[in-house]
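Now, the feature entries from TrEMBL:
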TRANSMEM  7-29  transmembrane segment
DOMAIN    39-256  domain 'TLC'
TRANSMEM  41-69  transmembrane segment
TRANSMEM  126-146  transmembrane segment
TRANSMEM  152-173  transmembrane segment
TRANSMEM  185-210  transmembrane segment
TRANSMEM  222-245  transmembrane segment
Amino acid sequence: MYEEPKMYYHILAGCVFFPGTFYLLLAGVGKMWPGLSKADLYLLCNSAVSSLQAIISCCVGCVVVVNCYREILYARHWLTEAYTCFGVSYFYYDIWSMYVVECARYPEQTTNGWLPLKFYLKRKGLMVFHHLALPAIFFPIIMFFRKGLGDFFVASLFFIELSTPFVAMRAILLRFRMEKSFVYILNGVFAIIAFFVCRIAIFPILYAVYGDKYGLSTMEVPFAIPLKCNIGCAVILGFQIYWFAQMVRLLRSYSSPKQNGKHQPPLEKEL
């Protein structure tokens, strides 16, 4: 098991890093572009931190996968659990960060600068649930219950974040009314490709890799691994399929003309 002092240090580092980076960006970007509205400034900084987290996650995933590929079940790499501890605070930071973005975006709904929780949850409730449920379920599994097995598979799931910079860019383009631009459409295509490969196709790919290593067909793998592994993958995949459908719907709404020459209202940022 991961050494407790190191675990707490890495958790604390994440608790400082994500909100600290957000506030540093607020100060820096605010000075560089003083003409930005508060809502635009907060959205840009939130998107930048999300993208940075995604880049770090993918880099860690790449290092661990390369080092553990020869023995996908038993090989260990210290970055797997170190980044799990460091990154878990991002989920809770992002709940708060999304809230302050919404406060800046809808000042008329605030009381003394704060949005009612009901209003926030009505807009972001599913995302809040996602950010609470995933670390609550998978952090203890990764850190305490898997008995050091499967660093390769855990790190492979870090690639799920590859689509995040594109999703963040989409939110920025929408905010600046660029949804009819070629850049928006191109970014949407890249987002969908990255999302599909790294959040949906990755699961059958990992099953195929396991089968190849242990002489099983991909269809035999679900019956050869513990039920809890299948359930965990199904839970994560369920969220990803929902988000993917939302992304496709959003891209279609802006890439084709609507009746009466109008476009549908933009879907809110959910990813």
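Each position is counted from 1, following the chain as shown.
Each Cβ is built from the backbone N, Cα and C atoms, and glycine gets one as well.
Unlike curated records, TrEMBL annotations are generated automatically.
Beyond the ends of the transmembrane segment (222-245), by six or more residues, the same chain brings 130, 134, 137-138, 141, 157, 160, 192, 195-196, 199-200, 203, 207, 210, 214, 216, 270-271 to within a C-beta distance below 8 angstroms of the stretch. Among residues of the same chain six or more beyond the transmembrane segment (152-173), those with a C-beta under 8 A of the stretch's C-beta atoms are 43-44, 46-48, 50-51, 53-55, 57-58, 60-65, 68-69, 71-73, 75, 77, 79-80, 83-84, 142, 146, 179, 181, 183-184, 187-188, 190-191, 194-195, 197-199, 202, 206, 210, 236, 240, 247, 250, 269, 271. Long-range contacts of the transmembrane segment (7-29) within the same chain: residues 36, 41-42, 44-46, 48-49, 52-53, 81-83, 85-90, 93-94, 96-97, 143, each at least 6 residues beyond the stretch ends and with a Cβ under 8 Å from a Cβ of the stretch.
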